[in-house]
């Protein structure tokens, strides 16, 4: 079921700007140059970028290339495979983590809630390290949760650990933390550190740490940090990150969403859809049972981190996702205890968000395809309709089916409609996939043998996705420099965005250079929310 949730679109959707394309370009350069320490694009030098995700992507792509996959370094789906693997691992680890608190049936339900949530589906099919942090979070919740539940309450054990150190659980916890630190970076310790601090404060004792090999675990994490430092400093010549770089991703300087507190709560309804209404139904029950040791533990993972994130200046949707395993397990725990009663009519009405949000996603996808590309997807329509009616049936027949079966029907409806959107509609939106269209023009260009290989310049359109699709052949320029580049001779082609076109033409005229205008590429740049027109130029006879 997880594969059915994550695979649609993984190989069909072109490379996304900008984070995914940046990660892919760096990994691509590692494969082509063999330099596994150089983490930059051009003159950029992102000193705090960890290496783990790039190494995993480079390994997958190099293996595919060795096996004969054509143009492996330009197949974005290969760069997404580590994320797919981490997404599957996150689901399995959530099942394992939930077994510390609930039975197998409820644990499976928690895993399905996670697998079908919208944000997890995105994380598992995009070539960025968010899915790795999610999997690590699920592993840490399960390992520390088992240790915490075995210890019992302080009053029951006289304040001393009831069990000796479980090295297996400690290895899972600290290994997941160290691994995610090397893959995702400095945000990783934020989640377990807050959870541990909260649990120690609630129990009024540090006994939880004393029984969990803290010195060895922290030593392993420091060793990973030292390896990172040595590679970055000595192999590539980069300096160790200064404090403002460490905290840059959660300050206003980072281009996240600068929106007020409460924003994560509002985003949650879309990020955790279709399970978000179930979480709302579970809230009164979970809060009433907050003194139970299992509930206390899971809330310690969830609430402190959520509150802190709400008050950070920059809101990054992906930073809420590592908390989803705890939410899914809490919902499953309430479901298992039979506490998600349907007597609260006001809360049960929230289940109608299933078809409402499902219809909104489908309509926006179809509307975007119609407005920007003047077309539709006939194959997607039946899937969207089946998915929508499944969501309506789940919300309308919840009392007859029971909440668990209704939720499973809603998940199935989401998967069906999700396949239509991610596999059939989104890849067909040519207007937003500008870089693949430009790369296709460049790859189709032919020149006389004596002119040499095709080189491309781009003025005004500097997205990293174009660099990914044209590795080693692209130069990013302004309008005047694009004219100078074209005038140098050889087999050359330039893409000139409308805002740079006047400068390009003036410079070409001053050089006395004849230029030949090709096709115009019209599209929509989703990263900046604006329309683009890019013209293709070359010298006649080149």
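Note that Cβ sites are derived from N, Cα and C of the backbone, with glycine treated the same way.
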Open item on the list: For the annotation transmembrane segment in TrEMBL, which listed range does it cover: 139-164, 347-372, 451-476?
Closed with: 347-372
Task: Segment assigned the feature transmembrane segment in TrEMBL (from 246-263, 318-335, 480-497) - done: 318-335
- [ ] Match it up for me: which of 294-312, 427-445, 503-521 does TrEMBL list as transmembrane segment?
- [x] 294-312
TODO: May I ask you to check whether the transmembrane segment (347-372) and the transmembrane segment (264-287) make contact, with contact taken as at least three Cβ pairs under 8 Å and only pairs 6 or more apart in sequence counted?
DONE: yes
TODO: Would you mind listing the long-range same-chain contacts of the transmembrane segment (106-124), meaning Cβ under 8 Å and 6+ residues beyond its ends?
DONE: 1-2, 5-6, 83-84, 86-88, 90-92, 94-96, 98-99, 130-131, 134, 138, 270-275, 278, 317-318, 320-321, 324-325, 328-329, 331-333, 335-336, 404, 407-408, 411, 414-415, 418, 422
Open item on the list: Could you check whether the transmembrane segment (318-335) and the transmembrane segment (78-100) come into contact, where contact means at least 3 Cβ pairs under 8 Å with the two residues of each pair 6 or more apart in sequence?
Closed with: yes
Task: Tertiary contacts of the transmembrane segment (212-231), as residues 6+ beyond its ends and Cβ separation under 8 Å - done: 37, 50-51, 144, 147, 165, 167, 169-170, 173-175, 177-179, 181-182, 189, 240
Open item on the list: Can the transmembrane segment (294-312) be said to touch the transmembrane segment (264-287) if we require at least 3 CB pairs below 8 Å and skip pairs under 6 apart in sequence?
Closed with: yes
